[in-house]
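What TrEMBL says about this one:
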{"type": "ACT_SITE", "residues": "18", "note": "active site, proton acceptor"}
{"type": "BINDING", "residues": "171, 274", "note": "substrate binding site"}
{"type": "DOMAIN", "residues": "192-306", "note": "domain 'Glycosyl transferase family 28 C-terminal'"}
């Protein structure tokens, strides 16, 4: 039996984005080969979502060496990447792995070179462009003004680069909703608030307080939090005070919620391309360093309204921007964000299996 293996983690610190985009890809590949996930059992992980999607998850144990000195994103692994590679090799040596998909900021060519003898092809999902990779295909679904130059010198000349939102990983629900996409009339009556799975700095609550300042009860605000959000009970209690606020946790109909909305307020990351696909104008506050450059470039190109880093954005700033977003400003933002619409998501997947015999 041939396998497609995903090496990806989720946790309170990492968030859910890496896992969610891998699950999206896995669901598109599940008819091609047997799929397995290798994920470490980290604090606040969402590994249960892997089994909920019908895939087997092989869990790596959390680190037990408190003297382990880790730097930067390596802290996300909780072990040195050499140790991680050693554990993964023990799993792969018994599997006929056609494709290995890696989605981790903590992994680079050191890990990939160690794993290379055990797999036929390596696919890396990245957006940092800050380290070298030993891979056959690199996927970066984000928009950057200089996106065609970012990986020069970081991958070999043989590596196939899949760059930009053309290759955005979108769940099937988004294609279903796109077929019944509503026409917005320019009036903001339905607002969607979502800051990812973890929202470590509680931007959700900051945004809700800003919306209360609007003093409008003729709007609907749908508030979505992830299962790993440590503030979810606080957010829930706040929403219950206002009849025009609806609270949701770990939903499976995000595309429907976006389609119903006139405006989204949230973080950067994968969600940006989901919103753009459905033509939903968005106010963006970045909650992680890796989101900043993407948001700045998208704002400069007119695709979103970027307010800045979470630590620099106040309730008053959010309030004032919402008030200003009407008429031509709103229409222009809506028009610009639709420029990333795409109707097919499967053509490029054929590249993953070129020369493998898997169709």
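Glycine is no exception: its Cβ is also placed from the backbone N, Cα and C atoms.
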Query raised in the report: Residue counts in helix (H, G, I), strand (E, B) and coil for the domain 'Glycosyl transferase family 28 C-terminal' (192-306), per DSSP?
Result: 46 helix, 25 strand, 44 coil
Report summary line: In the domain 'Glycosyl transferase family 28 C-terminal' (192-306), averaged pLDDT is 95
Requested in this report: Could you work out which of the recorded positions (18, 171) has its C-beta surrounded by the smallest number of other C-beta atoms within 10 A?
Outcome: 171
Query raised in the report: Under a criterion of Cβ-Cβ distance under 8 Å and sequence separation of at least 6, what residues of the same chain contact residue 274 (substrate binding site)?
Result: 168, 170, 174, 254, 255, 258
Report task. Check residue 171 (substrate binding site) against DSSP and tell me helix, strand or coil, would you? Result -> coil
Query raised in the report: How many Å separate the Cα atoms of residue 171 (substrate binding site) and residue 18 (active site, proton acceptor)?
Result: 14
Requested in this report: Kindly assign the residue listed as 'active site, proton acceptor' to one of the three DSSP-derived states: helix, strand or coil.
Outcome: helix
